[in-house]
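Colleague: Annotations for this protein, taken from Swiss-Prot, read as follows:
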BINDING   D13, H20, D51, Q93  Mg(2+) 1 binding site
ACT_SITE  D13  active site, proton acceptor
BINDING   H20, Y89, G102, N103, K131, Q240, S241, R264, D285, Y346  beta-D-fructose 1,6-bisphosphate binding site
BINDING   H20, K131, R264, D285  dihydroxyacetone phosphate binding site
BINDING   D51, D52, D130, D232  Mg(2+) 2 binding site
ACT_SITE  Y227  active site, proton donor/acceptor
BINDING   K230, D231, D232  Mg(2+) 3 binding site
ACT_SITE  K230  active site, schiff-base intermediate with DHAP
BINDING   D231  Mg(2+) 4 binding site
Amino acid sequence: MGERITLSVIKADIGGFVGHSSVHPRLLETAERYLAESKLLIDYRVAHVGDDIDLIMTHKYGVDCPEIHHLAWNVFLQCTEVARELKLYGAGQDLLSDAFSGNVKGMGPGVAEMEFEERKSEPIIVFAADKTEPGAWNLPLYKMFADPFNTIGLVIDPKMHQGFRFEVYDLIKNERVEFSLPEELYDLLVFIGAPGRYCIKSVYSKTTGEIAAVSSTQRLNLMAGRYVGKDDPVCIVRCQSGLPAVGEALEPFANPHLVAGWMRGSHIGPLMPVGLDQSAPTRFDGPPRVVAMGFQLSGGRLVGPQDFFGDVAFDKARQTANEIASYLRSLGPFEPHRLPLEDMEYTTMPEVMAKLKNRFVKVDHRDDREPAAEELGAK
């Protein structure tokens, strides 16, 4: 076996510039400088989508490595100091603890990591989204790895024809379950069609057993017990040679699907694929955005990124997303633009409702009954 490489993508919202729209250049410079000093990494890139900083790192220490997670945590702490100096909005909001405990999972930042033996050619895509939640990856990952109308390789590539194994997390019960596709396709859809609770964590090739994709599944609100911003997930997808081609991995985003998040994390909106220079959400703090950064790995070195969604081929998707956004905005505070009440539990909505609870009185349904015939006659 050859040497195994670990690709870690760890993200956090450290403070918005301006509001929730983007990241101040000084924060990116701080992250770059801190990672450059580390002896742990083979290579790294610092990116952002909206107001989230994404640390893309390669190393040889495997997933859940305490030293790598501590490095990312320290980067975010350094950036938080700069954010507070600049009085950026929500400085350090994704950091839910004051002390590092060996792993950033459960402490606020989102994490997607995979370890694999680098192939002869290793194309990967790092997807990063803003103003939405981890379930936003469910439909795209399903289409990439299970839908032959999206991925023709499932039909004609003998290395893909056997299908893929999906690992799904229940974010409420903290449980996981695996499905073997295509034979358990309908069973999978029972769960991933509810992306607020069930999220695709990882995908594995049934032909090779190798990992093909992994996503961050951290839910900030569930960890903090209050609304502290949307989760803004990341996802890593390996491509080609028995896995979806790059174009097959990008194709699901050509037709924007609806995701939860947007303004105050309380609305449904289209996930708009954008170039890196268009990733600052502004209209109603949105619509939700997704970027796609393509890399070739070479001995763990990151060659790239290629800004995939900057292509004019996605102009139509952006136009469609804007049209969907305009229609949904016309509904204002009404569902289905606003999230249903059960999904508003961790927003500020309960505080407003609590103020009014004493104004509710019981309804006597006997007063609502139809009058009997004799009562009508008496009148």
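Numbers here mean position along the shown chain, with the first residue as 1.
Glycine is treated like the rest: Cβ placed from N, Cα and C.
Keep in mind the model is a prediction, meaning the values are calculated, not measured.
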Colleague: Determine, from DSSP, whether D13 (Mg(2+) 1 binding site) sits in helix, strand or coil.
Modeller: strand
Colleague: Which of the three DSSP-derived classes (helix, strand, coil) applies to D285 (beta-D-fructose 1,6-bisphosphate binding site)?
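Modeller: D285 (beta-D-fructose 1,6-bisphosphate binding site) sits in coil per DSSP, no helix or strand.
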Colleague: For S241 (beta-D-fructose 1,6-bisphosphate binding site), which of the listed binding-site residues (D51, Q93, D130, D231, R264) have their CA atom within 10 A of its CA?
Modeller: none
Colleague: Would you pick out, from the binding-site residues H20, K131, R264, the residue whose Cβ has the largest number of other Cβ atoms within 10 Å?
Modeller: K131
Colleague: Can you grab the distance from D13 (Mg(2+) 1 binding site) over to D52 (Mg(2+) 2 binding site)? Cα atoms, rounded to a whole Å.
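Modeller: With distance taken Cα to Cα, D52 (Mg(2+) 2 binding site) is 4 Å from D13 (Mg(2+) 1 binding site).
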Colleague: To the nearest whole angstrom, state the Cα distance for the pair K131 (beta-D-fructose 1,6-bisphosphate binding site) and D232 (Mg(2+) 2 binding site).
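Modeller: With the alpha carbons as reference points, the distance is 6 Å.
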Colleague: Anything within 10 Å of D231 (Mg(2+) 3 binding site)? Look among the binding-site residues H20, D51, Q93, R264, D285, comparing CA atoms, and list what you find.
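Modeller: Candidates kept after distance check: none.
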Colleague: Any idea what the Cα distance is from D130 (Mg(2+) 2 binding site) over to D51 (Mg(2+) 1 binding site), rounded to a whole Å?
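Modeller: So the Cα of D51 (Mg(2+) 1 binding site) lies 8 Å away from that of D130 (Mg(2+) 2 binding site).
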Colleague: Give me the count of other Cβ atoms within 10 A of the Cβ belonging to D13 (Mg(2+) 1 binding site).
Modeller: 31
Colleague: Taking the Cβ of each of the binding-site residues and counting other Cβ atoms inside 10 Å, which one has the highest number: Q93, S241?
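Modeller: Neighbour-count leader: Q93.
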Colleague: Roughly how many Å separate the Cα of Q93 (Mg(2+) 1 binding site) from that of D232 (Mg(2+) 2 binding site), to the nearest whole number?
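Modeller: Approximately 13 Å lies between the Cα of Q93 (Mg(2+) 1 binding site) and that of D232 (Mg(2+) 2 binding site).
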